[in-house]
């Protein structure tokens, strides 16, 4: 006779950035391990967990709407994530929410689930849960979160008030997770955090251990160890500290992907100072030139904010001049919008919305031209492509220069002999502003 009784069903909604996605995966893995069933619909779930985002106003609105929908469809809702740090704001709109916790409060979330839907009696066959845990990404790539929180106090950002100061995960724990993922068939690891290059600062870069060997808790040491897995390793959210220079040779040697996601935010020294960001465009340009000399295939991704309080036409022109000089490969641009709790809200000379829109359009027009020219240089070359999707019309994948969700794609029209997770060599035949088209070699 089975000792499994009712298997409680949990609905789950995950919003926001990849860092939130990793938190969701951790909660789901624990729930599955304890015998809960995770279901894709609200109506037959015993309760619903909503992992929220609260970074910008549109994300707050999306989170509140998701909570409202879960309440309407199910009625029993637990809220966690970044917006959970603002309990009063949630309760004001949705007073019937069962419980609210802040970000990375895994244990609290599980305690609340146990309270409202007690743990089922079951044989904990952990083999029922994949060794790498429950993943919300395709099987061939995964996010590897190395730390939580941030020590910076950028005036446009409220992340430290939600997620706290930097807390680095033990390097042995990070490397063990990476090994499990690689052993499970993951072909690409995307290293993420609020501030990847600060990894280990909070623990004074102390020595940890992996497989009985000492390893320093630092971004560079982490990259050297991850390189031994023989899979793609991609760095995201890299703050432009001086020691970032030390990972470029690893990229040139093919140990990790020649890809750097380094949010620069602006180029005007005055605006960077108002943002509380490091402030020398000339120094950044010199570093970029040096990086490309060491690693010619380096792909640089960055993000910028236009219309920040106090930004003049002269400041904006400095940003455009920087783009022309830097010729970055992948660029995201945001129109500044006030975020509740951000100190930038108190700055003088807020920029009118129509001016933000006009500057954003000029920025994007210039960067699209640069991006198209950069991609055109790849036509005729052979590149490696990681296949993401295959259907009857062909395959879609990404090159080493393309992170999932945020960058471009490589289209292999008519190529149906491959499967997701395959790495194939492709000759590039056509390019536009964002994407490439090619044929398998």
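Backbone N, Cα and C atoms are what each Cβ position is placed from, and that goes for glycine too.
What Swiss-Prot records for 17, 53, 82 is [4Fe-4S] cluster 1 binding site. Residues or ranges marked as [4Fe-4S] cluster 2 binding site by Swiss-Prot: 150, 154, 157. Per Swiss-Prot, the feature domain 'MTTase N-terminal' maps to 8-118; the stated evidence is sequence analysis. What Swiss-Prot records for 136-373 is domain 'Radical SAM core', and it gives sequence analysis as the kind of evidence. Annotation source Swiss-Prot lists domain 'TRAM' at 376-441, citing sequence analysis.
Residues of the domain 'TRAM' (376-441) grouped by DSSP class, helix first, strand second and coil last, total 1 helix, 34 strand, 31 coil.
Sequence-distant contacts of residue 17 ([4Fe-4S] cluster 1 binding site), defined as residues of its own chain at least six apart whose C-beta falls under 8 angstroms from its C-beta, comprise 53, 55. Cα-Cα distance from residue 150 ([4Fe-4S] cluster 2 binding site) to residue 82 ([4Fe-4S] cluster 1 binding site): 14 Å (rounded to the nearest whole number). Sorting each residue of the domain 'MTTase N-terminal' (8-118) by its DSSP state yields 55 helix, 22 strand, 34 coil. Reported as a whole number, the C-alpha separation between residue 82 ([4Fe-4S] cluster 1 binding site) and residue 154 ([4Fe-4S] cluster 2 binding site) equals 17 Å.
Of all the binding-site residues given, namely 154, 157, the one with the smallest number of surrounding CB atoms inside 10 A is 154. Summarising the environment of residue 82 ([4Fe-4S] cluster 1 binding site), the number of other Cβ atoms within 10 Å of its Cβ, over all protein chains shown, is 28.
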